[in-house]
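Colleague: So that we are looking at the same thing, I have put the structure below in structure tokens.
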Amino acid sequence: MNAPLALLAELTHRCPLRCPYCSNPVELARASAELTTVEWARVFEEAAAIGCLQVHLSGGEPTARRDIVEITAAAHCAGLYTNLITAGVLLDASLMARLKAAGLDHVQLSVQDADPAGAERIGGMRGAHARKEAAARIVREAGLPLTLNAVVHRQNLHNLVLLIETARAWGAARLEIAHVQYYGWALANRDALLPTREQLEEATRIVEVARQTHRGRLVIDYVVPDYHAARPKACMGGWGNRFLGVSPAGHVLPCHAAESIAGMEFPNVRETSLRDAWEDSEAFNRFRGTAWMPAPCRGCERAEQDWGGCRCQAFALTGNAAATDPACALSPQHGLLAAALARSGAPAFRYREFG
Ligand code: SF4
Ligand code: FES
């Protein structure tokens, strides 16, 4: 069994933004359910003990936690490389200085669009874009490396060239361009977000050109959407293979969207050690390896490359988490994707919200 490479620590589901593609579950955890500072410190020590090298401090918006500096310090003291995944709208120079002193190693800042009006419509928060630009400056002035994360979809892909220029202008060394993945809130907004094939092809061409143009100055990671694919992605590098997440309420998850699979129960750090959850829990072993696979995955030459695709997507589209991911053209349910593409247009967003 591999060790998990990184821990995704979802510190809270609270967030000032309301992005319609948020990867948090539709049932958001209230602040009263969140793990305490002491509980997170124990999680970080246990994560380091089973081989994790880094922690992504995420949310929601992790800086919405008043103890974000103490949490960062605890992760650093446990020996983990610390990455803050933030919307940036709550970040000022004072907080940045305290986070750096606590041992923060890296900041990943989200951006919703290159055009401020579009960005604020997508994120559902007025004034957010200017605050993000200021946050980028604060991170760079603190001397920390900056990655910009742009989730792209039907309603911002026309600004992709400008998004890449934004990453350069804001001083990012890395840009993640990630097409929306459709579960949770994004599934609820799928008709508004799915790109056309023409948009996808143009985006892929723009990324290839930009990689050449900015070689040595800006690294561009690119995550493509499943809905136009013939084979699925190796989601999470395989269930229970490399990824370990802990939700705000302490559930230990094989992927950030795993709670969207109805009927599955996940161990909780309040009752189980991370080692037991990773090695022995029913939830982590359910789709580990290849023995669980149905046809056509069973015996397929790609079984140990894509691990049958995404369990959350299989559940979201077919109601069966053990089905072959319909993103695979060999799946008998591959036609579900074409049907979704045929329905897509640009209706209004259903914004992320509690309750
Ligand atoms: Fe991957 Fe299964 Fe499709 Fe083979 S049949 S390519 S293992 S999803
Ligand atoms: Fe959960 Fe793919 S998002 S397995």
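Note that Cβ sites are derived from N, Cα and C of the backbone, with glycine treated the same way.
Dumping what TrEMBL says about this protein:
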- CYS15, CYS19, CYS22: [4Fe-4S] cluster binding site (BINDING)
- 1-217: domain 'Radical SAM core' (DOMAIN)
Colleague: Counting only residues 6+ apart in the same chain, whose Cβ is under 8 Å from the Cβ of CYS22 ([4Fe-4S] cluster binding site)?
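Modeller: In sequence order, CYS15, GLY184, TRP185, ALA186, ARG352 meet the Cβ cut-off.
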Colleague: Hey, what's the Cβ neighbour count for CYS19 ([4Fe-4S] cluster binding site) at 10 Å?
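Modeller: Here the count is 23.
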Colleague: Could you name the residues, excluding CYS15, CYS19, CYS22, of the same chain that surround the [4Fe-4S] cluster site, i.e. Cβ within 8 Å of the Cβ centre of those residues, in sequence order?
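Modeller: Close Cβ neighbours, site residues excluded: LEU17, ARG18, TYR21, ASN24, GLY60, ALA87, GLY123, TRP185, ARG352.
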